[in-house]
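Participant: There's a structure below that I have some questions on.
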Amino acid sequence: MDYLPLFADIRQRPVLVVGGGEVAARKVALLKKAGAIIKIVAKNIHPELQILQENHEIEWLAKSFSPEQLDHVFLVIAATNDSLLNQQIYQAAEQRHRLVNVVDDQQKCSFIFPSIVDRAPITLALSSAGTSPVLVRMLREKLEALLPQSLGKMAEIAGKWRPRIKEKLPAIKDRRLFWEKAFNGLFAHKVASGDWESAEKTLAEQLEKDNPKQGEIILVGAGPGDAGLLTLRGLQALQQADIVLYDYLVSPAVLEMIRRDAQKICVGKRAGHHSVAQEETNRRLIEWAQQGKKVVRLKGGDPFIFGRGGEELQAAKQASIPFQVVPGITAASGAAAYAGIPLTHRDYSQNVVFITGHCQKDGNGLDWATLARPHQTLVIYMGVMNAGKISEALIKHGRKADTPVAIIAHATLPNQQILNGRLDQLESLAKQAETPALLIIGEVGGLQSDLSWFSSKTDKEDTKSSLINLA
């Protein structure tokens, strides 16, 4: 171990910063967050420091450094570009046994700053002892993704309740089990939802009676396919799940992010055949949640856009099961972005409409006259099977036959397929398309050749998420 990790309490302790530039301003911001009394020595100070000085939040002690300035400080930071001055500060600090950090000169540091993940009062510090800053940054990125923002509030409430829990449960084993149950159960869910009053009520109820463990259902949008597009909240839910029920549309890369010992069950749905009836899926969700499991329902895209997520939550509500929703990037946004097709554009499309292509077999359930209006973009989910009927109806109601169209299959993935053409060619294009696929109809489709940027090479070699690399 090259450095001893310490967490220093510098609240109301004097800290000297020599230097007044941008680097010094960054160090001051960190010290200020930790509650230090900050003294600055510099000829001139950065505008951010000027504001702090005018507000009496820092003290501009002097314009030049002298060793005596170290006599009454806890630690010193040298943030200048003057190597001789930095050497002088380092030697003076060492002689007085003051902790010193010379920015970007590790040989003149008795301490170094770690990379920080801040969920106060939970704080994680990472360091490679200066050997690999990029690796530390990647590790921090992974931890930032895995640790929910609510973690700090959870710790704060837990600290408030510690004396009461200790009085009620004197045995350390009982207290450990109590907190494990709380941090993995309804209490954590309430804190994450921002319902702090209810979270404390849950702790009180858990303490006063031996409640059976209560599970919950988390509806998670997996996004359009690229695992890098999964939200941080979605990743956290997958890492906490006991059971995950997922659809065919969820990519293997996203499934790889599920906690290793979680049970994974495919309840896949595809146009034309349903492997598991919706009622059976609802029943399973409720049954496992009632057994105290944390059940994740993982859906491609966004669960509230043609995902039947509302139906599943209605069933959970009726069964009095706690639930939460983690939205995802819907297929329309992901497919269009990766294809280089802006869904709206000031010159071509003033609105965008999302519809499903198989809700009514005869097509009579849709207002084709409205859908056929010019200067709007239609995004059609599950429309490949009825592509001929769709193009016929739109042309019949006034949409021009030469309106650009695109069919995008396997959107955002290395095997993404894009078929471009005209509205009157939609049926023939659909016969060539792989599935699942999305239809985009509108003048914006004509921009695809100019704005296309994504390729399988781009995905594999340039933009692969470091979260996946470190998984």
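Our numbering is plain: 1 for the first residue shown, then up by one each step along the chain.
Glycine is treated like the rest: Cβ placed from N, Cα and C.
According to Swiss-Prot, the protein carries these features:
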ACT_SITE  D247  active site, proton acceptor
ACT_SITE  K269  active site, proton donor
BINDING   E22, V23, K43, N44  NAD(+) binding site
BINDING   P224, G300, G301, D302, I305, T330, A331, M382, A411  S-adenosyl-L-methionine binding site
MOD_RES   S128  phosphoserine
REGION    1-203  region 'Precorrin-2 dehydrogenase /sirohydrochlorin ferrochelatase'
REGION    215-471  region 'Uroporphyrinogen-III C-methyltransferase'
Participant: So which one is it: of the binding-site residues K43, G301, which has the fewest other Cβ atoms within 10 Å?
Facilitator: K43
Participant: Give me the count of other Cβ atoms within 10 A of the Cβ belonging to N44 (NAD(+) binding site).
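Facilitator: So the number of other Cβ atoms within 10 Å of N44 (NAD(+) binding site) is 9.
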Participant: Please give the greatest C-alpha separation between any two of the S-adenosyl-L-methionine-binding residues P224, G300, G301, D302, I305, T330, A331, M382, A411, in angstrom, as a whole number.
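Facilitator: The S-adenosyl-L-methionine-binding residues span at most 16 Å between Cα atoms.
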Participant: Quick one: which residues besides E22, V23, K43, N44 have a Cβ within 8 Å of the NAD(+) site's Cβ centroid, in sequence order?
Facilitator: G19, G20, G21, A24, A25, A42, I45, H46, L49, A79, T80
Participant: Have a look around E22 (NAD(+) binding site) and count the other CB atoms within 10 A of its CB, chains all included.
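Facilitator: Taking every protein chain into account, the count is 12.
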Participant: Of the recorded positions listed here (E22, K43, N44, D247), which is spatially closest to A411 (S-adenosyl-L-methionine binding site) when Cα positions are compared?
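Facilitator: Among E22, K43, N44, D247, D247.
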Participant: Tell me, what is the mean pLDDT of the region 'Precorrin-2 dehydrogenase /sirohydrochlorin ferrochelatase' (1-203)?
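Facilitator: Value for the region 'Precorrin-2 dehydrogenase /sirohydrochlorin ferrochelatase' (1-203), mean pLDDT as a whole number: 94.
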Participant: Would you mind reading off the Cα separation of A331 (S-adenosyl-L-methionine binding site) from K43 (NAD(+) binding site), to the nearest angstrom?
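Facilitator: So the Cα of K43 (NAD(+) binding site) lies 56 Å away from that of A331 (S-adenosyl-L-methionine binding site).
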Participant: Counting only residues 6+ away in sequence within the same chain, which have a CB under 8 Å from the CB of V23 (NAD(+) binding site)?
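Facilitator: Listed in sequence order: A79, V103.
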Participant: Counting other Cβ atoms within 10 Å of each residue's Cβ, which of the binding-site residues I305, A331, A411 comes out lowest?
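Facilitator: I305, out of the binding-site residues I305, A331, A411, has the fewest neighbouring Cβ atoms within 10 Å.
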Participant: Of all the Cα pairs drawn from E22, V23, K43, N44, the residues the record ties to NAD(+), which distance is largest, in Å?
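Facilitator: In whole numbers, the farthest two Cα atoms are 15 Å apart.
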Participant: Expressed to the nearest Å, what is the distance separating S128 (phosphoserine) and K43 (NAD(+) binding site) at their Cα atoms?
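Facilitator: Computed Cα spacing between S128 (phosphoserine) and K43 (NAD(+) binding site) is 34 Å.
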Participant: Give me the sequence-ordered set of same-chain residues, not including P224, G300, G301, D302, I305, T330, A331, M382, A411, with a C-beta within 8 angstroms of the centroid of the S-adenosyl-L-methionine site's C-beta atoms.
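Facilitator: Sorted by sequence, the hits are G223, L249, F306, G307, G328, I329, A332, G334, A335, Y381, L438.
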